[in-house]
Amino acid sequence: MKLSQLLQTLNVYQTTKDINNVTVTGIEMDSRLVDPGHLFICINGFTVDGHNFAKQAEENGASAIVAERPLDVSVPVILVSDTSKAMAKLANSYYQNPTQQFRLIGITGTNGKTSTSYLVESIFKHHNKKTGLIGTIQMKIGDKEYEVKNTTPDSLFLQKHFAEMAHEGVDTAVMEVSSHALDLGRVHGADFDIAVFTNLSQDHLDYHKDMDDYLRAKSLLFAQLGNGYDSNKPKFGVVNKDDPYYKAFCKSTSQEVLTYSINQEADVTAKNVNLSASGTTFTLCTPAGEKEIHSPLIGKFSVYNMLAAASAAWVSGVELNTIQQALSATKGVSGRFEPVLAGQDYGVIVDYAHTPDSLENVLETIQSFAKENIYVVVGCGGDRDKTKRPLMAQVAVKYATEAIFTSDNPRSEDPESILRDMERGVKEDSYTTIVNRREAIQFAVDKASAGDVILIAGKGHEPYQEVNGVTHHFDDREVAAECIKAKQ
Ligand SMILES: CC(=O)N[C@H]1[C@@H](OP(=O)(O)OP(=O)(O)OC[C@H]2O[C@@H](n3ccc(=O)[nH]c3=O)[C@H](O)[C@@H]2O)O[C@H](CO)[C@@H](O)[C@@H]1O[C@H](C)C(=O)N[C@@H](C)C(=O)N[C@H](CCC(=O)O)C(=O)O
Ligand SMILES: Nc1ncnc2c1ncn2[C@@H]1O[C@H](COP(=O)(O)OP(=O)(O)OP(=O)(O)O)[C@@H](O)[C@H]1O
Ligand SMILES: N[C@H](CCC[C@H](N)C(=O)O)C(=O)O
Ligand SMILES: [Mg+2]
């Protein structure tokens, strides 16, 4: 593609050299991956400044470079005020506006994004449509699975894979949209058709200044809905009316908003909710009629996720019968309220709860069916929001017969100091601290007997533990099963 043609997508830029004969064979933001003919984009990151790698990009054959300041290179430099924004536009244009070729559903909120995205995927699969999915666990195009580094990857990765989805005939793609992604403009250029808001509670206050700043970032998904796109696909917001922040999301978009709720009148509601240890039943009420749902998913929070998914599907024109079949058939997501079954006579549940609110939701659910003691093994991630640590400790102590504080992913932090932060939230004699996660799990397993439930929280599907910058294989489900065997 001619660079001059590609640059038509940018309105404000300067070039240091004549670009008329320059062609572009790809776009790259990592100098190490540049191949001859690529357009290299310099991003000033949190760790390093991509401008410092312009020379390397040139040596690797970059045909031109997009930068925020003049560079000492001989290839043409395209100067812009914001390379991240430029990257989103250039990638969108290079890959020919792929998100205009299929339905794109974005899900934002503190908890429930991954869980809801798989429910949406399942409904559209039952609707006989080819689907795409991008989120914390993986990316999927149809049934092909890809690894991802971020819940919401950067705009270059996104546009490239949106193009692959369009090429493969995806009808509907669903993706989690994190607050970091919204704040950093990773989804600029993505033409969302439906924006879903699940809930908002404390998390990521290491990155966001305060809850207002976090809310502002989350609501950008709704602000982006239909903005700046010529596409004539209908746009909708879908919001959880039971969340105190829902109005902020309604106000952020000029598009129509559909509400869902368990507690009050709304467009889509759940009536006759019946929660048990083996599943959930409720009546799904929509403007088009009612359906009985019998789901294997556990907990009231799962009803919220099903309402969110059903609402997004319903505004997309999916029949209620299909939604009913899909919700009744869809099992839980890896590492979300996942039971470990190793022949023991007590319950062991691995869950990804890593915020005060999700931990409370999961523990409330366990409390409602646990016959005897509840043991909670939980830690908090290093290099993440420190203010959630004492709050998570409080929630664990509130519900547990015995709370065992341990390490999550300490990352670059001292594991002991993370535990001190947790301990500050609770009374001295209300918990046990065991730094080593395997030993903490073994401790809980050794204590448990018939009718008890152990919750191992925080890491869910993660197959690793990151300690001091080194990532070790560690899977709570495997370790729990080994500990159960070791006890027998
Ligand atoms: C804090 C943060 O968001 N960091 C993201 C950021 O990394 P960074 O800014 O450190 O990048 P950098 O290493 O400084 O590099 C800057 C530029 O120089 C380039 N470079 C670098 C080295 C080199 O030799 N040559 C070169 O060209 C890089 O390719 C890049 O373009 O850009 C990377 C590429 O897009 C992301 O993978 C990375 O996410 C990291 C892994 C991360 O942990 N992010 C978390 C905070 C995050 O975003 N989480 C949310 C989910 C939160 C939730 O659960 O709700 C998410 O969406 O994942
Ligand atoms: N709707 C919900 N409300 C509150 N808690 C929930 C909800 N859905 C799931 N949870 C709890 O939160 C945990 C994380 O769920 P999930 O992975 O779906 O959230 P997420 O928003 O994708 O999280 P992340 O920000 O890490 O990507 C689950 O393991 C469960 O404990
Ligand atoms: N996406 C979240 C995941 C947290 C998972 C938890 N196990 C941790 O490491 O803190 C984050 O990066 O903050
Ligand atoms: Mg997620």
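Think of each number as a place in line: the chain as shown, counted from 1.
Backbone N, Cα and C define each Cβ position, glycine as well.
All annotation found in TrEMBL is predicted automatically rather than curated by experts.
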Among Arg384, Arg420, Arg424, Arg438 - the residue TrEMBL places in the same meso-2,6-diaminopimelate site as Asp408, Asn409, Pro410, Arg411, Gly458, Glu462: Arg384
Cα-Cα distance linking Lys218 (N6-carboxylysine) and Pro410 (meso-2,6-diaminopimelate binding site), given in Å to the nearest integer: 26
Reduced DSSP assignment, Arg411 (meso-2,6-diaminopimelate binding site): strand
Nearest-integer angstrom distance between the alpha carbons (Cα) of Arg411 (meso-2,6-diaminopimelate binding site) and Lys218 (N6-carboxylysine): 26
Glu462 (meso-2,6-diaminopimelate binding site) CB neighbourhood, other CB atoms within 10 A: 21
Maximum Cα-Cα separation (Å), residues Arg384, Asp408, Asn409, Pro410, Arg411, Gly458, Glu462 listed as binding meso-2,6-diaminopimelate: 16
Cβ-Cβ distance under 8 Å to Lys218 (N6-carboxylysine), same chain, at least six residues away: Thr108, Gly109, Ser179, Leu182, Phe197, Leu200, Phe249
